[in-house]
Amino acid sequence: MDARTSDAARSVLEAPDIARVLTRIAHEIVERAKGADDVVLLGIPTRGVYLARRLAARLEEITGKPGRIPVGSLDITMYRDDLRLRPARALARTEIPDDGIDGRLVVLVDDVLFSGRTIRAALDALGDIGRPRAVQLAVLVDRGHRELPIRADYVGKNLPTSLRETVKVQLTEEDGRDSVLLGLRGTTPADGK
Amino acid sequence: MKRHLISAADLSRDDAVLILDTAEELARLADRPIKKLPTLRGRTVVNLFFEDSTRTRISFEAAAKRLSADVINFSAKGSSVSKGESLKDTALTLEAMGADAVVIRHHASGAPHRLATSGWINGAVVNAGDGTHEHPTQALLDAFTMRRRLASGASGVGEDLAGRRITIVGDVLHSRVARSNVHLLSTLGAEVTLVAPPTLVPFGVESWPCAVSYDLDAVVGKTDAVMMLRVQRERMNAAFFPTEREYARRYGLDGDRMARMPEHAIVMHPGPMNRGMEITAEVADSDRCTAVEQVANGVSIRMAVLYLLLGGNESAVAAARTEESK
Amino acid sequence: MTMSDTHKTLLRGAKVLGGEPRDVLIEGERIAAVGTGLDADGGTVIDAAGQILLPGLVDLHTHLREPGREDSETVLTGTRAAAIGGFTAVHAMANTFPVADTAGVVEQVWRLGKESGYCDVQPIGAVTVGLDGKKLAELGAMHDSAAGVRVFSDDGKCVDDAVIMRRALEYVKAFDGVIAQHAQEPRLTEGAQMNEGVVSAELGLGGWPAVAEESIIARDVLLAAHVGSRVHICHLSTAGSVEIVRWAKSKGWNVTAEVTPHHLLLTDELVRSYDPVYKVNPPLRTEADVMALREALADGTIDCVATDHAPHPHEDKDCEWGAAAMGMVGLETALSVVQHTMVDTGLLDWTGVADRMSTRPSAIGRLTGHGRPIAAGEPANLTLLDSAYRGVVNPAGFASRSRNTPYEGRELPGRVTYTFLRGRATVVDGKLA
């Protein structure tokens with residue numbers, strides 16, 4: 001285990017596992033979309049964006065269309081329903097691919113699916129940007145405890161948790177390593193979801 | 001960020017960069033089909049203007065509306081009650097109406113400070129220009145414009161203005177724009193030089209974080225941005241300078257002077273411009289003049305300020321009190 | 001008042017002018033004896049041990065506001081405030097509505113003072129009709145009236161016309177009058193809101209430059225010398241003004257000057273709060289000015305402390321800076337501020353305080369019954385001060401009708417426990433009798 005993580009946090013996915021599940025999700029997307037011609041991947045900052053880029057790379061490999069899968073980011077801060085519970089947050093980047101999302105299949109990508117409120121906010125944000133043909137959701141980890149009627153279309157790993165536990169996704173681009181850590185509240189580093 | 005925005009001097013470098021970065025994200029909204037965010041739904045922003053300023057008012061109004069706040073425009077000009085009473089009484093009225101933020105423009109220096117500290121209201125106070133004191137959102141939009149135009153990277157996100165040389169020219173004495181810019185630009189690391197006839201430089205300016213010159217020609221050649229302040233013709237009658245012609249010749253920006261500026265340098269003006277006075281039409285209409293861009297950037301900056309003041313719980317005083325009573 | 005003329009009061013163990021403990025026996029309107037081991041002879045005995053006994057304080061510069069602005073102060077409430085502050089005589093400024101520029105108005109104020117009974121009220125007459133600096137008021141008629149006016153001032157406004165000033169200075173020589181000048185060059189102070197300096201530059205408030213005061217003082221001391229008159233400078237506020245007065249005095253010219261308590265303590269840094277309670281004319285200056293004023297008061301260049309007590313109703317201060325009225329109340333805190341700034345700093349002893357707050361202002365105003373020594377046979381105008389007291393200023397308890405004090409919440413030393421006006425206590429145990 002990495003020295004930076006607390007003893008109480010245990011790794012449930014390591015780099016090879018993450019690579020494998022992303023490849024699987026990419027295949028599932030191609031399968032369900034019958035190709036990936038109109039797929040647009042939108043990652044939810046911060047780590048969802050990196051996952052979206054990795055998925056795009058895999059989709060391009062699978063479909064043999066390098067550089068042809070539009071990928072962007074969708075910041076949902078201004079659409080959150082809990083803004084007034086915390087100080088105003090800095091905004092992250094929203095980057096919509098040049099051709100837009102109208103009539104496309106948008107696949108939202110996030111690291112952890114928990115209450116579903118983030119995805120609710122993301123759907124609202126999407127509605128202000130355009131009108132996709134359909135919206136799907138891909139997540140690396142689904143830890144349960146939904147508070148809204150939302151489910152993921154593609155799940156890397158279903159991880160049953162208690163509310164006292166935290167799930168922390170680390171990605172090389174942001175954290176210097178790939179892993180998913182399960183810990184107890186107050187024991188994992190940074191903002192466990 | 002603090003609960004109010006009264007003075008650019010109150011902003012730390014990180015505060016200022018956060019506002020600029022937030023505005024940079026919000027500026028992208030202009031490219032979207034729906035130029036609106038739900039963030040301040042149910043919040044009330046009052047534009048309380050004791051002075052005519054359609055430009056500033058509509059800029060704040062557009063900013064608040066794009067964030068889905070309810071906007072009430074309150075023009076208190078020409079009220080028959082004494083000015084003092086009307087500020088307090090108006091404040092109490094706004095408080096009773098549940099204003100979450102009051103954007104105030106007032107002819108008296110310090111009126112926003114007074115409003116924020118008097119206990120008359122609980123909402124956030126945003127200074128939209130007070131007397132000859134400050135106009136912090138103008139300075140922020142100016143800094144935003146400079147960062148975009150002068151930045152090394154893409155639009156300069158995360159950056160300040162370290163090492164940039166900014167020249168502010170004109171009626172510094174009566175300019176709230178100049179006061180706010182001197183504070184903000186120096187906080188952001190820029191080197192500010194004020195250029196004006198000695199009569200229009202404030203007594204006591206030596207304590208400001210900037211240099212002062214009486215010679216525009218000596219400065220234009222080594223500057224990254226020249227900000228021209230509006231000079232009112234009436235100042236001539238109070239003997240601040242002899243004639244318009246002499247002012248324009250010594251302190252106005254014309255094509256020749258602009259040509260001596262470095263190639264990348266921009267010309268800024270907070271508007272409204274006095275063409276032929278502080279700026280010639282040739283300069284005002286050139287690509288290097290950012291006056292129109294500054295107006296557009298004003299909406300993004302004011303959205304950022306309103307979001308950062310009202311978008312979280314820090315400023316939501318009423319909510320905090322409710323929670324405490326549970 | 002039912003007190004008999006021969007009522008006796010014995011102040012036991014008071015430190016007369018801060019000196020060794022003495023008993024002071026008051027009999028009727030006069031001091032009967034000063035000594036040790038005196039017998040009260042059946043009269044009232046007041047334990048004054050450890051307290052400072054001063055001659056009753058005299059204010060050369062008080063705005064009592066009546067007639068015309070009774071919402072801010074009346075002669076009655078103003079003299080009550082004066083008594084609480086240890087004053088036995090105040091000079092009522094002329095800028096009332098109507099202006100005290102006729103015998104009728106000064107007599108009205110004088111009569112109201114008599115009726116109040118809390119301290120003597122000596123009206124000041126306006127120099128020019130309506131204070132507008134154009135035409136001399138009937139200075140002689142005001143002097144000849146029952147009010148017996150000797151001090152004339154357009155205070156609030158400067159007598160800026162050099163010819164009018166010269167004529168006024170000359171004219172009052174006929175009855176030993178004095179012109180008290182509010183030194184403010186009007187053109188240099190158009191739109192002035194505070195001291196012109198580093199702070200005004202930052203706050204964007206119109207500047208009131210020191211030179212606007214100093215240039216008028218320079219002109220007026222030269223004029224007074226030229227015509228051989230005496231001139232009094234109101235509320236001197238800058239280090240430069242001190243230098244000019246010092247120079248004029250060194251020439252032997254008949255120049256006197258006053259300083260307010262607030263200019264001895266407060267600086268323009270306070271204006272950063274934009275709280276109009278600090279808005280006053282002349283404005284609060286810099287630390288360097290404050291220090292120069294203290295020194296000048298200590299060395300006698302500045303003759304006296306005058307309160308410039310300027311009451312204003314709450315609404316005139318409960319607003320933005322630009323709309324607010326100028327002025328501060330000062331009668332009830334003056335002696336405390338002087339103790340704090342001059343005595344506790346070692347600049348002035350209690351004899352000096354008696355001189356600057358009683359003897360000299362009486363002499364300038366030509367008052368005969370005030371500013372006298374504390375000795376047998378003298379009028380019993382006395383102030384007893386508990387200088388060991390420390391208290392926080394609470395305007396809610398003021399006797400003045402107005403509350404615009406800059407010292408609210410500030411701890412200041414000293415409390416007047418007793419004030420005697422011609423033998424009769426106007427203040428007992430710190431409260432109005």
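Just so it is clear, glycine is given a Cβ too, placed from its N, Cα and C backbone atoms.
Here's what TrEMBL has on this protein:
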DOMAIN    B:3-147  domain 'Aspartate/ornithine carbamoyltransferase carbamoyl-P binding'
BINDING   B:Arg55, B:Thr56, B:Arg105, B:His135, B:Gln138, B:Gly271, B:Pro272  carbamoyl phosphate binding site
BINDING   B:Lys83, B:Arg176, B:Arg230  L-aspartate binding site
DOMAIN    B:163-309  domain 'Aspartate/ornithine carbamoyltransferase Asp/Orn-binding'
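Where TrEMBL records a feature, it is marked here on the structure.
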{"residue": "B:Arg55", "record": "carbamoyl phosphate binding site", "DSSP (3 states)": "helix"}
{"residue": "B:Arg105", "record": "carbamoyl phosphate binding site", "DSSP (3 states)": "strand"}
{"residue": "B:His135", "record": "carbamoyl phosphate binding site", "DSSP (3 states)": "coil"}
{"residue": "B:Arg176", "record": "L-aspartate binding site", "DSSP (3 states)": "helix"}
{"residue": "B:Arg230", "record": "L-aspartate binding site", "DSSP (3 states)": "coil"}
{"residue": "B:Gly271", "record": "carbamoyl phosphate binding site", "DSSP (3 states)": "coil"}
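Of all the binding-site residues given, namely B:Gly271, B:Pro272, the one with the smallest number of surrounding CB atoms inside 10 A is B:Pro272. Looking only at the domain 'Aspartate/ornithine carbamoyltransferase Asp/Orn-binding' (B:163-309), the predicted model's pLDDT averages out at 95. There are 23 other CB atoms within 10 A of the CB of B:Thr56 (carbamoyl phosphate binding site), with all protein chains counted.
With a threshold of 8 Å between Cβ atoms, the binding-site residues B:Arg55, B:Arg105, B:His135, B:Gln138, B:Arg176, B:Pro272 that neighbour chain C are B:Arg176. By the criterion of other Cβ atoms within 10 Å of the residue's own Cβ, the least surrounded of the binding-site residues B:Arg55, B:His135, B:Arg176, B:Arg230 is B:Arg55. Highlighted in sequence order, B:Ser53, B:Ser59, B:Ala128, B:Gly129, B:Val177, B:Pro270 have their Cβ within 8 Å of the centre of the Cβ atoms of B:Arg55, B:Thr56, B:Arg105, B:His135, B:Gln138, B:Gly271, B:Pro272, the residues recorded for carbamoyl phosphate, and are not part of that set. In this structure, the CA atom of B:Thr56 (carbamoyl phosphate binding site) is 14 Å away from the CA atom of B:Arg176 (L-aspartate binding site).
Across the residues annotated as binding carbamoyl phosphate (B:Arg55, B:Thr56, B:Arg105, B:His135, B:Gln138, B:Gly271, B:Pro272), the two Cα atoms farthest apart lie 17 Å from each other. Taking only the Cα positions, the spacing between B:Arg176 (L-aspartate binding site) and B:His135 (carbamoyl phosphate binding site) is 5 angstrom. Cα-Cα distance from B:Pro272 (carbamoyl phosphate binding site) to B:Arg230 (L-aspartate binding site): 7 Å (rounded to the nearest whole number). Calculated from their C-alpha atoms, the gap between B:Arg105 (carbamoyl phosphate binding site) and B:Arg230 (L-aspartate binding site) amounts to 18 Å. The CA atom of B:Arg230 (L-aspartate binding site) is located 14 Å away from the CA atom of B:His135 (carbamoyl phosphate binding site). Annotation for B:Gln138 (carbamoyl phosphate binding site): spatial neighbours B:Thr56, B:Gly129, B:Arg176, B:Val177, B:Ser180, B:Asn181, B:Pro270, B:Gly298, criterion Cβ-Cβ under 8 Å with sequence separation of six or more.
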